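What Swiss-Prot records for this protein:
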type: REGION; residues: 6-172; note: region 'N-terminal SAM-like domain'
type: MOD_RES; residues: Ser182; note: phosphoserine
type: MOD_RES; residues: Ser183; note: phosphoserine
type: MOD_RES; residues: Ser213; note: phosphoserine
type: REGION; residues: 235-249; note: region 'Fe-S binding site A'
type: BINDING; residues: Cys235, Cys244, Cys247, Cys249; note: [2Fe-2S] cluster binding site
type: MOD_RES; residues: Ser269; note: phosphoserine
type: MOTIF; residues: 271-274; note: motif 'Cx2C motif 1'
type: BINDING; residues: Cys271, Cys274, Cys282, Cys285; note: [4Fe-4S] cluster binding site
type: MOTIF; residues: 282-285; note: motif 'Cx2C motif 2'
type: MOD_RES; residues: Ser302; note: phosphoserine
type: MOD_RES; residues: Ser304; note: phosphoserine
Amino acid sequence: MAEFGISPGQLVAVFCDKSSSEEALKKLVGRVQGLTGSEGQVFVENITQLLQSAHKESSFDVILSGIVPGSTSLHSPEALADMARILRPGGCLFLKEPVETTGVNNDKIKTASKLCSALTLSGLVEIKELQREALSPEEAQSMQEHLGYHSDSLLSVHVTGKKPNFEVGSSSQLKLLHKKSSSVKPVVDPATAKLWTLSANDMEDDSMDLIDSDELLDPEDLKKPDPASLKAPSCGEGKKRKACKNCTCGLAEELEKEQSKAQSSQPKSACGNCYLGDAFRCANCPYLGMPAFKPGEQVLLSSSNLQDA
């Protein structure tokens with residue numbers, strides 16, 4: 001038992017299965033209790049009840065699974081993950097499991113490399129294969145009875161793994177090295193500094209001609225232009241004047257003023273019912289005799305209608 005590294009006062013879990021003999025289990029537990037002492041504790045449980053037990057996280061210092069002589073326990077990924085969960089940070093797991101030594105693709109029995117990969121995926125580190133040994137006649141018979149599997153290429157492998165010194169999801173502060181700013185200024189090449197430096201004395205050199213921006217404009221350029229002169233030659237030609245799209249010459253504003261002036265000269269209804277028809281119009285309504293129209297629709301009256309009104 002010295003290879004398991006069990007110390008006095010530690011909490012140890014021993015997992016077995018139905019293939020483990022009671023005498024061998026009692027003998028193993030007695031030896032472990034002798035190592036843990038009165039301050040420690042040894043917990044024994046069937047591996048098939050591990051997931052249902054719902055142990056608290058970080059409960060055990062050492063876990064022994066399948067170590068009972070004659071045991072042929074097979075560890076599922078879920079069982080390995082739960083063992084890693086209930087191990088304390090820095091705790092160790094020791095297990096023994098039958099493995100295939102050939103490259104036969106088998107869903108029941110893993111190879112030694114797949115067993116180590118499963119331990120790594122469960123969250124353990126420092127996975128090591130301690131030893132391999134042939135199955136005893138009792139173990140071979142147990143494989144045949146409980147698992148219905150028989151093969152001449154089976155071996156029993158002992159593997160160990162360690163839980164990292166931190167819990168999953170824990171956080172710690174990183175000590176970042178901040179680079180101190182140097183008080184010594186970098187050396188600058190004088191030739192390079194002179195190349196990229198423009199002196200004020202160079203600006204006052206008589207050989208440099210500066211352009212006066214005021215001399216670029218003539219007196220005619222400073223006069224405000226007449227809006228009529230900005231119109232295009234073909235803008236508004238024809239019987240019906242029409243402003244161009246995005247007009248900038250002022251024709252659009254001019255047409256808008258003329259339209260608003262024409263609308264203001266039209267007579268306005270005092271009752272507001274003129275558009276409904278003659279049945280709703282007054283006796284002196286200028287729209288008498290005209291059909292009904294939509295509210296807001298522009299209706300032009302002839303001079304005779306205006307005179308009658």
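Counting begins at 1 with the first residue displayed.
Backbone N, Cα and C atoms are what each Cβ position is placed from, and that goes for glycine too.
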Other CB atoms within 10 A, centred on Cys244 ([2Fe-2S] cluster binding site): 13
Winner by Cβ contact number (other Cβ atoms within 10 Å) across the binding-site residues Cys247, Cys249, Cys271, Cys274, Cys285: Cys274
Candidate with the highest Cβ count within 10 Å, taken from the modified residues Ser183, Ser302: Ser302
For Cys249 ([2Fe-2S] cluster binding site): DSSP state (helix, strand, coil): coil
When distances run from the Cα of Cys282 ([4Fe-4S] cluster binding site) to each of the recorded positions Ser183, Cys249, Ser302, the nearest one: Ser302
Between Cys285 ([4Fe-4S] cluster binding site) and Ser213 (phosphoserine), the C-alpha gap once rounded to whole angstrom: 68
The motif 'Cx2C motif 2' (282-285): DSSP-derived helix, strand, coil residue counts: 0 helix, 0 strand, 4 coil
Arithmetic mean of per-residue pLDDT over the motif 'Cx2C motif 2' (282-285): 80
Residue from Ser182, Ser213, Cys249, Ser302 whose C-alpha is spatially nearest that of Cys271 ([4Fe-4S] cluster binding site), among the recorded positions: Ser302
DSSP state at Ser213 (phosphoserine), helix/strand/coil: helix
Where Cys271 ([4Fe-4S] cluster binding site) falls in three-state DSSP terms: coil
Among Ser182, Ser213, Cys247, Cys249, Ser302, which are recorded as recorded positions, the nearest neighbour of Cys274 ([4Fe-4S] cluster binding site) by Cα: Ser302
Candidate nearest Cys244 ([2Fe-2S] cluster binding site) in space, where candidates are the modified residues Ser182, Ser183, Ser213, Ser302 and distance is Cα-Cα: Ser302
